[in-house]
Amino acid sequence: GAKMSRRRADSEGSMRPDDEVMPYSDDETDDELDTSESEAEGEPEVTQAHVEASLPDVNWRVKANDRPYHQQPQFQKKVFLCIKKSRYSGNAIKTYKYNVLTFIPLNLYEQFKRAANLYFLALLILQIIPQITTLPWYTTLIPLVVVLGITAIKDLVDDLARHRMDKEINNRKCEVLLNGSFQDSRWRQIQVGDVVRLKKNDFIPADLLLLSSSNPNSLCYVETAELDGETNLKFKMGLRVTDEMLQEERQLADFDALIECEEPNNRLDKFLGMMQWKGERYPLELDNMLLRGCKVRNTDVCHGLVIFAGGDTKIMKNSGKTRFKRTKIDELMNYMVYTIFAVLILVAAGLGIGHTFWYEQIGSKAWYLYDGLNYNATYRGFLSFWGYIIVLNTMVPISLYVSVEVIRLGQSKFINWDLQMYFAEKDTPAKARTTTLNEQLGQIQYIFSDKTGTLTQNIMEFKKCTIAGRSYGTGIFPVDWSWNQYADQKFQFMDHLLVANVKSKKDKDAMEFFKLLSLCHTVMVDNKDGDLVYQAASPDEGALVTAARNFGFVFLSRTQDTITIMEMGQEKTYEMLALLDFNSDRKRMSIILKFPDGRIRLYCKGADTVIYERLSTNTQHHQTTQEALDIFANDTLRTLCLCYKDISANEYEAWSRKHKEAQLVMGDREAALDSVYEEVEKDLMLIGATAIEDKLQDGVPETIATLAKADIKIWVLTGDKKETAENIGYSCSLLTDDMTVHYGEDPPTNFRRARQTPEEPFFTETGKNALIITGGWLIDFVDMACECEAVICCRVTPKQKANVVSLVKKYKKAVTLSIGDGANDVNMIKTADIGVGISGQEGMQAVMSSDYAFAQFRYLERLLLVHGRWSYIRMCKFLRFFFFKNFSFTLVHFWYSFFNGYSSQTAYEDWFITLYNLAYSSLPVLLVGLLDQDVNDRLSLKFPKLYIPGQQGLLFNYKNFFISLFHGIFVSLIIFFIPYGAFLQTMGQDGEAPSDYQSFAVVTASSLIFTVSLQISLDTSYWTFVNCFAVLGSIAIYFGFMFDIHSAGIHVIFPSVFTFTGAASNALRQPYLWLTIILTVGISLLPVICIQFLYKTIWPSVGDKVQRNRKKYELQMEEKKKKPEPFQRGRRSRRSAYAFSHSQGYAGLISSGQSIRRRPAARSGANANIREIPHRGAENI
């Protein structure tokens, strides 16, 4: 009967749209968005009898203690041509990408998948062809090698870290049964069918079938944080037969069962199998399995049989494909690079045709241009076309991609180093886990947030109560608990009157109230060094039992059918006749007790809606309690009603017979039990109600308010019921009193039909709108929901969370961000453009799949409004300037071509072309991309409106790109034609004309360097020592290098490579040429300065205004710090929410006695007498 009574295997999830119904698997695609809701609406439950009859195709066979069995030919699968491999994976895992041999080829292959790298490779090949080469090959090779090298090193470092991690995990120690005795072995040596012994706090090395444990009833407690993010302990149990017969080493060595089960899959909530042993067949289910990634707790020793190893384990199957995320700017940048390619080909073609005509008319006639090659004009034009492709290739500089990577890396480091996003209590800094998405943080339009653990702390506190029509809990000073030796000193309550009533023992209702709280629950207790430690199935339960304990009704211990409590100093034991468990449809739980004096009484606690329907007609305080509940709900507290009923012995006998019959029903057992429960839970007498606060995380309301001002729409997706969700919505100021709240219970047929024109808005009247909606209907609502300021979706499964995100992404083309903290949010985090994990109460699952991680929701505001906005501004400024500096550099060749017969001669020296992007102009613009800020972080947070240009993508788009292009054309015109004019008819001072080609190249190059350096100085809005150093340093490097390259010494060593001997020193001796440079630079910059001045005075942006009044605002903020603002709270509308948040199934366990035992000492730690270790079941009701 033990197994039957605790059937929480398959049916647990099917009655509510819970995480279990739709598993979190990553292989499902968006095509399944329309999955019918029927899954979630509740289907008949699968019972044990069913399971045995209809196992799916079970073709996974495991034989215990028999390694050769698994090597048989029928268990081989084809890998490649005729190489075969066992279908059973070894236990070693591999998360790395490269090994010593494959690193170079694979890495290069991955890098050449980028269009830009391929383009440069093609150019390099063109430059090696002697007929068309206009620039030496090293001008492309050096930058290309540098780029590939840097990226390869980065990949190598990442991969080495993975290698190290894999090695560490694969070499963990574990005891395995080999040749009849347990021996130490490494994880990677474990094979399917091995028997493994685990001790307390060991990680589980593979998916095991639990055979036996040192606890009674073969219970084994595991912590599943790595798997599903829940920190509470789950219990697993072995089959009774294996537990009794497999305790000794010798017995385990003779164990030879054959397991048949389903193939490896990624469903964490299902396992079906069958064990054949000694001629008997036994069914296996998920509760018999210990999954890899969990940790053994509170269990000294347990033994397991390996079913799935390594890559076949559920945790590895669930790791899912990580979607490759790219930012909008990345896509834009690629399109712009394609645009430049197109321009480049057109220009080169034009110049190639020009050369053909020029050669026919002039070149072929000029005897002094004869080069001894008998090419005809067309062929020369063709060669000239390729030549110009090479000369003008610097319009798409290879260093663009490197610089972008460097900037992103730097910005990620700034996020990691930000002390204002460091959470000291848990010692967790913020962490940017990807380096490729920073500027996208400045463009977010929608935020999707989980509720439990993200907005709230998931810590419950007993705040208020109403007993027999009187409300308690509104005092000012906390109560002193020193009179009660069992009290938990951490527990705070604000009303002395209630304590006095209970202590005087005169207030019978109050006594009854706390007696109910101490008896009617499914909490387990641990006696640890005289301290009591409660293990509750949900934080709510723990809070209520702790409250009762502080008021003098201390829950001490329970056995299979008794509960012992300390009642105001007297120990009493009650006989537990029945425990009517909670589930999400009943919304209540009851317990039937036999008092020491023989009376039989039923205690019940549950949601007000279900309790009020079942109250007796002559109950009192009906109205006053209802009013108190309204007040509690308006304070966003979670409420439960408490009531009792006396039962006569005969009534109980009759009911008990029905109850026993219902327990043995094989078909739909849940429904049979429910109807039996209904018979006894009626005519109840109301005692009162409790109110519990689910505490919000610090700073949540302020953060949400600030983000809303930045025009970011916030959607909360939660598994909670509507009322609870709405309450939280109000308390975290997502919903405000000036919003009209619309409820979406069923798809609005009238809405969809009524709108013939899609452009017409849903909400005709002005004002703010909010929508509260149940998970399933979202598809009909996308347009409507996107018009709302706030949307709350209740009762959503993890799969639906991801669907909501992809709907908005798909239909609104919006940039989305998801934030969550548990494994049920993983899907949503991976789907959104940016996923943020909160490293909080739950496990690390969400953090592992996120792009950014930090410890508190309130840091989101800083991540977006400061880091995101800055990253976006910097990246845009960087790209605009980068395109500009390369256009103004490259197009000089274009103007020069009209004067050299389009013969693809370069206007500068080769070395200048090579070093321009690498050394001369890279640093200042790189530093702007890393350090620039228009206003500081405090003002960025004070004026959330500054965020809006990023959302609209105003700072970098095709318009800006063409402005950069025309700016570049203008500057290149000036840089070519002013020196050209100055050189036309001149004489040097000493009678030598400085108007030779080499002097001209030096003058244009110098003018270009000055113009670009000064232009970036104009664009820098935040000057640091480094920026200053970089601008001056670039100019210094330019002159230093140039004089070296033009020196006689280097010419002697490489005469063919360094041909500009003495050009620089000769040219720059002439004051005339310096004046030319000054004139050129002046004319290039003047128009820009004028335009910027006009823009800032006549059409200033929000940022300009804030910048202008910066000092004033900073003073205001200093003053504001001194006087805190009063905080108002007070709501008008009634919202009900009840406090029950654990999954069903604990009652069966308790009443069957399977977890009542001497618990070994639990975790040590707190100094208070009692600690609660909340057991977080499913997060929702």
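Cβ from N, Cα, C; glycine included.
In TrEMBL, annotation is done automatically, which means it is predicted and not curated.
TrEMBL has this to say about the protein:
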type	residues	note
COMPBIAS	7-19	compositional bias 'Basic and acidic residues'
TRANSMEM	115-132	transmembrane segment
TRANSMEM	138-157	transmembrane segment
TRANSMEM	335-359	transmembrane segment
TRANSMEM	379-404	transmembrane segment
BINDING	ASP450, LYS451, THR452, GLU541, PHE582, LYS605, ARG638, THR718, GLY719, ASP720, ARG795, LYS801, ASN824, ASP825	ATP binding site
BINDING	ASP450, THR452, ASP821, ASP825	Mg(2+) binding site
TRANSMEM	878-899	transmembrane segment
TRANSMEM	911-931	transmembrane segment
TRANSMEM	961-982	transmembrane segment
TRANSMEM	1072-1095	transmembrane segment
COMPBIAS	1172-1181	compositional bias 'Basic and acidic residues'
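Looking at which of 138-157, 335-359, 878-899, 1072-1095 has the most CB pairs under 8 Å to the transmembrane segment (961-982), the answer is the stretch 878-899. The stretch from 115-132, 335-359, 379-404, 911-931, 1072-1095 that makes the most Cβ contacts under 8 Å with the transmembrane segment (878-899) is 379-404.
A 10 Å cutoff on Cβ-Cβ distances gives THR452 (ATP binding site) a total of 25 other Cβ atoms nearby, all chains included. A contact between the transmembrane segment (138-157) and the transmembrane segment (911-931) is present, since 3 or more of their C-beta pairs, 6 or more residues apart, lie under 8 Å. Cβ packing within 10 Å was compared across the binding-site residues ARG638, ARG795, and the lowest neighbour count falls to ARG795. Below 8 angstroms of C-beta separation, residues 135, 138-139, 142-143, 146, 394, 397-399, 403, 406-407, 410-411, 874-875, 877-878, 881-882, 885-886, 889, 1001, 1005, 1009, 1012-1013, 1016-1017, 1019-1020, 1022, 1024, 1026-1027, 1030-1031, 1033-1034, 1037-1038, 1041-1042, 1045, 1058, 1060 of the same chain, each at least six residues beyond the ends of the transmembrane segment (911-931), sit close to that stretch.
Cβ neighbour density within 10 Å is lowest for PHE582 among the binding-site residues PHE582, ASN824, ASP825. The 10 Å shell around the Cβ of GLY719 (ATP binding site) contains 28 further Cβ atoms across the protein chains shown.
Just so you know, the Cβ of ASP821 (Mg(2+) binding site) picks up 31 other Cβ atoms within 10 Å once every protein chain is counted.
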